[in-house]
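> Starting off with a structure, shown below.
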Amino acid sequence: MRKITFIAALLSLLPRYALAMHVMEGFLPFKWCLLWYSIYIPFLMAGLIYIKKNIAEEPSKKILLGFAGAFVFALSALKLPSVAGSSSHPTGIGLGAILLGPLPMAVIGGIVLLFQALLLAHGGITTLGANAFSMAVAGSFAAYGLYKVAGRVGLSKSASVFLGAASGDLMTYIITSLQLALAFPASRGGVAASFAGFSGIFAVTQLPLAIGEGILTVIVLNLLEIHAGVVVGRLVKGASNDEG
């Protein structure tokens, strides 16, 4: 009975903070907003340095960076109905991470989230650090890392891209659930119980969304290779070398 009551309480919170699972303005306590900004900013700075050093002087990479940003904006702006009147969305972060590495996407993802907060009331300024860390940092590194691991163990390119993109989506929601659990621990069970509740609720919609995003990313990457085959093929094969 206590578990049912706890889940019901979490469900009652969802419409208040979840706008496509970007944590909304004013929802996180101020100390947590500062913490997540302080964690995100070093990745933002590293991404800016990386872009200036490795991408800014290459027109083909700049075009792909712009495309990756548009892809993230389009997918993460979608708001699909979820449980208790809330909504969920794909992130789109995996495509850019696979093509260009995670550091550029730490910048692009943050810019996308800023525009969404200002133009779409989607997320917020005080919660931008938390949202950017979960999607643009954790999601990007998860997508890139699993893509590389899958390729090294012998999986096909399409399977590797699928796993990378899907994991980027799922990691975003795992970290968001952790952020909410840390800020709002359960009275019984603390952070662990709260995390289990939040992540369990959003798994209902995020698992199928992650699968769909993985499939879409494979399709988009294949189309990019057809129309920009030399550039995209080189990036897909050599992303890990670029990161070094």
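Backbone N, Cα and C define each Cβ position, glycine as well.
OK, Swiss-Prot features for this one:
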{"type": "SIGNAL", "residues": "1-20", "note": "signal peptide"}
{"type": "TRANSMEM", "residues": "31-51", "note": "transmembrane segment"}
{"type": "TRANSMEM", "residues": "63-83", "note": "transmembrane segment"}
{"type": "TRANSMEM", "residues": "95-115", "note": "transmembrane segment"}
{"type": "TRANSMEM", "residues": "117-137", "note": "transmembrane segment"}
{"type": "TRANSMEM", "residues": "161-181", "note": "transmembrane segment"}
{"type": "TRANSMEM", "residues": "201-221", "note": "transmembrane segment"}
> Cβ under 8 Å to the transmembrane segment (95-115), counting only same-chain residues 6 or more beyond its ends: which ones?
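Long-range Cβ neighbours of the transmembrane segment (95-115): 22, 40, 43-44, 46-48, 50-51, 55, 61, 64-65, 68-69, 71-73, 76, 123, 125, 128, 131-132, 135-137, 139-141, 143-144, 147, 161, 164-165, 168, 217, 220-221, 232, 235-236, 239, 242-243.
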> Taking pairs 6 or more apart in sequence, does the count of Cβ pairs under 8 Å between the transmembrane segment (201-221) and the transmembrane segment (63-83) hit 3 or more?
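Between the transmembrane segment (201-221) and the transmembrane segment (63-83), contact is present.
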